[in-house]
Structures are given as C-alpha cells and as structure tokens.
C-alpha cells in the first residue's frame with residue numbers, strides 16, 4: 001500500500017466507569033483500511049466488535065485514540081464539522097427491526113439523511129430514494145409503506161438503501177445478516193458484495209460468521225476481549241492462522257465433508273469479564289498453548305509473514321496441518 | 001410483498017382501535033353536543049349571559065328560562081353555556097401551555113446532557129413537592145385573578161408530571177438504533193427532537209392533554225369557587241357554583257347550581273372517557289393480540 005489509507009485507527013480505547021470498576025471494553029485498537037478494501041472484524045459476543053464500529057464513526061465517544069478518516073481526525077472534530085462529514089461514512093445496523101423508525105414511511109426514512117444535509121429539493125430527494133430502492137432490488141412503490149409491512153430481509157435492504165442515499169465512501173456494516181434467516185443471508189451478502197464492487201465502497205464488515213467474512217472480506221481482524229489478536233488477508237488467515245485463538249475459531253467452522261473430520265480445538269470456559277481482564281495476554285486463561293511468560297506482558301502485534309500480524313509471543317506454533 | 005394494498009401508519013391504526021372503544025365513543029357523543037351548544041349559543045339563545053330580567057329573579061325553570069334564573073334575574077342556561085366557553089377556554093389554553101412546557105423541559109432533560117438533566121429534574125422535583133393547593137393560592141394571589149392568570153396558574157401547576165414522562169420516553173428513544181442512524185447522518189438536536197422525539201411521544205402527549213383538560217376544568221372551577229379564578233360578572237362553571245353556595249340558594253333554588261355543576265361533571269366525565277380510550281388506542285401491546 002503506497003497510498004494513504006482511507007481510514008486509520010490508532011490506539012482506540014473505550015472504557016466505561018461503573019461503580020467500583022472500570023470496564024475496559026476496547027484497548028489499544030490500531031488498524032488501517034485502504035480505499036476500496038473490505039476488512040472483516042470477527043470475534044465472539046462481548047469482544048467489542050460493535051463498540052469498534054460505533055466508535056470509528058463516533059456514534060459513541062471513544063475514551064482515547066485517534067480515528068483518521070481521509071486526513072481528518074474524527075475524534076477532535078467539532079459537532080458541526082463532524083456532521084458535515086457524516087454523509088461520507090455510514091452505518092448499517094444489525095437489527096433490521098430496531099433500526100427503522102416505526103412512525104416513518106420508507107420514503108421518509110430514505111430521504112431523512114438528504115433532508116438533514118440539505119441536499120436537493122423534495123422531488124430530487126424522492127428520486128434518490130427510489131434509486132436507492134432500486135439498488136437494493138426493492139420495488140419503488142415501497143416508498144409509501146411503513147417498515148412493519150416488510151420482512152426482515154427486506155427491512156435490512158432498506159437499511160442498506162438508507163446508508164447508500166448519502167453516497168458514502170465508507171460503510172461500517174455491523175453484522176448485517178446475523179439477524180436474518182439463513183436462506184435470506186446469502187441474498188443480502190451477495191447484494192452487499194455487488195454494491196461494494198459496483199460503487200467501489202470501502203467497508204468495515206463486522207461479523208461472527210467466519211464463512212461470510214471469508215467470502216466478502218479482503219482482510220480480517222480477529223478480536224478477543226477488546227484487543228486485536230491477529231490481522232491477515234482472508235486467504236492467509238483461513239489457510240494459515242497463526243494465533244492460537246484464531247486457530248481455535250477456524251477449527252470451529254463446520255466442515256461439509258465428514259471424512260475430513262478435523263481435530264477440533266474446543267476452548268474451555270467463557271470470555272473473561274472486561275472489568276477484570278487477565279494480566280499479560282488476555283487470551284492466556286483459555287489458550288491451550290499458554291506459557292508462564294504469557295502472564296507477564298501484553299503481547300504486541302508483530303509481523304509473522306508479509307501483511308500478517310499477530311499478538312502472541314510464541315513463534316513455535318505454526319498452523320495445524322489438515 | 002405485503003398483501004394489504006393500503007398502508008396504514010401507526011396513527012391510523014390507533015384511530016381504528018379508538019373507534020372500537022364503546023366508552024370512548026359515549027364520551028365523544030356526550031362531548032360533541034356540549035361543545036356545539038357552548039360554541040354556537042349566541043346564534044340561537046334569546047338571552048345574553050349578563051342580561052337581567054328584573055321580573056324573574058330566582059325564577060324556576062320555565063318555558064321562557066329553561067334552566068331558570070339566578071338571584072339578579074340572569075338566565076342560567078345562557079350563563080352555563082358562557083361559563084362552558086370560559087371554562088373550556090381556560091382549560092384548553094392552560095393545557096396547551098403546560099404541554100409545551102412539559103415537553104420542552106423533558107426534551108432538554110433527555111437530550112441536553114448531564115448538567116441540564118440534573119437542573120431540569122431538580123426543578124421538577126421542587127415543583128412537585130410544593131403542596132398544590134397552597135402553591136395555587138400563592139400563585140393566584142401573586143398574579144391576581146382573571147382568565148389569563150388562571151390559565152398561567154393551572155399550566156404552572158401541571159407540567160412537571162408530563163416532563164417526567166417525556167424525559168423517560170426520550171431517554172429510551174435516544175438509544176434506539178433508528179435514532180442513532182439519524183445521528184449518523186448528521187442530525188442535530190432540533191431534527192432529533194421534532195422528527196423522532198415528537199412523533200414517538202405523541203401518544204403520551206395526546207393522552208396527557210386530554211386527561212389534563214378534564215383536570216384543568218376542575219382546577220379552574222376550584223379556583224373560581226375560592227374566588228381566585230375567573231372573576232364575576234364573567235361566567236364560569238366554577239364562579240357560578242361559588243355564587244350559588246349560600247344555604248338558601250342550595251335549598252330553594254337548586255337549578256342555580258345543579259345545571260352548571262351538571263355540565264361540569266358531564267364534560268369532565270366525557271373527556272376522561274375519551275382520554276382512557278386514547279390511552280388504550282395508543283397502547284402498543286394491543287397490537288400483539
């Protein structure tokens with residue numbers, strides 16, 4: 001990558017102060033996304049995926065760190081300056097039921113962003129709403145209906161259309177298909193991939209579904225308890241996972257071939273509480289390959305292959321041979 | 001695609017549910033003729049409310065004076081209708097005022113950050129801890145009597161409850177994803193408040209306003225009865241009752257308090273029926289059945 005990345009996240013952290021404890025939801029998150037790239041963000045429930053997605057767009061305020069979007073640090077912008085840049089970056093929500101207002105027609109929902117930004121006349125805005133509906137393969141007469149008249153998959157398409165009306169460069173897609181039926185998931189994932197390629201979108205794709213991530217993403221970030229464990233291109237990550245956590249995740253992907261019954265690594269226990277994370281490497285309490293040294297210091301991300309970084313002190317664990 | 005050809009919004013569905021509520025329809029059936037009579041009486045009444053018929057003082061109901069006359073020979077029907085005008089005017093304007101105050105205080109509280117929230121809610125606490133009757137008496141004696149000061153007094157007394165309900169609703173709304181989506185598109189506080197806050201609080205506002213109209217009619221009557229509300233010779237239901245409070249009138253000329261009192265009870269009852277009906281109609285749980 002010679003070109004400057006479109007999005008550059010440095011040392012992002014999010015802490016919540018509760019009575020008697022500080023919840024460290026995110027710590028020291030740094031990554032880049034190049035223009036036109038689709039980066040996956042995977043991790044189990046509670047690892048902080050959604051918090052990253054929302055902090056990056058400053059829908060919630062990060063506690064520390066910088067989010068540089070096309071040269072501007074979003075975390076230091078004033079409210080008005082941030083609002084002017086909002087159209088360039090949009091968010092697609094996980095829950096297609098909660099993310100559409102029950103009191104607005106689809107037309108009102110789709111023209112809301114344009115109206116806020118003062119773009120176009122009423123007729124022009126409606127025209128753009130119709131175009132957005134077309135892009136997500138919904139009929140134009142949907143414009144006068146209410147969200148409750150649509151199925152989950154259709155609602156998610158409306159959510160995607162809403163993000164597209166402002167013609168963004170960058171989209172954070174927060175588990176856009178995990179609330180949908182499996183049969184609908186493929187449609188929506190394909191739609192998102194088409195749109196990404198056709199419109200040249202840059203995307204942060206949050207998911208816990210490793211198969212979907214492999215299909216749609218160029219690079220993947222693996223998250224555990226608010227820290228990055230490993231970053232690699234999807235190809236590299238799925239073929240040669242280097243971090244014990246990623247290896248455990250990969251072995252959990254069901255294989256359609258019963259003869260190829262892989263040796264499964266089942267992780268013991270649950271993800272620890274962010275109020276009291278383990279010292280050193282946060283994964284060491286569940287890691288099958290942990291050493292005493294793992295408790296001593298937080299492992300830094302280091303390059304183990306070109307474009308492939310991991311936060312693990314062990315070099316002697318390659319990837320498990322099939 | 002959904003089968004239904006016509007789209008109905010949440011408001012249309014609430015209206016449909018309201019029309020199925022029998023008590024609420026009875027309320028409407030009582031209130032509409034009353035309102036019509038109160039609003040149109042100058043067109044068909046032969047008497048003005050302050051016309052004095054010296055030949056018929058304290059006259060019992062008759063063909064000439066359907067509701068009888070009072071101690072100085074004024075027609076009780078004309079005064080009851082005029083009193084209805086004043087009472088309803090006072091009630092409706094005070095409710096408009098208190099709804100606006102309540103909504104804005106609740107909105108500032110929910111969207112204005114921690115400090116504004118604390119300030120607004122402590123003033124609500126303060127307003128609610130004051131004993132209402134004494135508060136009313138003090139306020140009324142400061143601003144004096146008269147129609148508009150009565151409106152102000154009633155409004156200042158009734159907004160705190162609404163602002164708490166609005167705050168609770170908006171706090172919940174603020175975390176909803178469609179509101180976050182709106183913020184993500186660059187919405188400022190004005191847009192959030194009037195495009196999301198207001199439509200999503202409309203049920204609270206309508207129900208509050210309706211029930212509060214009934215409450216305000218009673219408060220006005222109470223104030224006027226104590227001599228602090230609408231001053232005579234203007235008629236209001238409250239000061240008509242006040243004028244009829246002597247034992248002699250109570251016993252010998254019951255029409256002088258029976259009719260304004262009856263109109264008052266009827267109006268309050270009808271409005272309460274309607275308010276209950278609206279509350280049920282807006283209840284989202286009804287849709288689950």
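Glycine too: its Cβ is placed from the backbone N, Cα and C atoms.
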According to TrEMBL, which stretch among B:234-254, B:255-275 corresponds to the feature transmembrane segment? B:255-275
Long-range Cβ contacts under 8 Å made by the transmembrane segment (B:133-158), restricted to residues 6 or more beyond its ends, are 86, 89-91, 93-95, 97-98, 101-102, 127, 212, 215-216, 219-220, 222-224, 226-231, 234
By Cβ distance under 8 Å, which residues at least 6 away from the ends of the transmembrane segment (B:23-44) in the same chain are close to it? 78, 81-82, 84-85, 88, 263, 266-267, 269-274, 276-278, 280-281
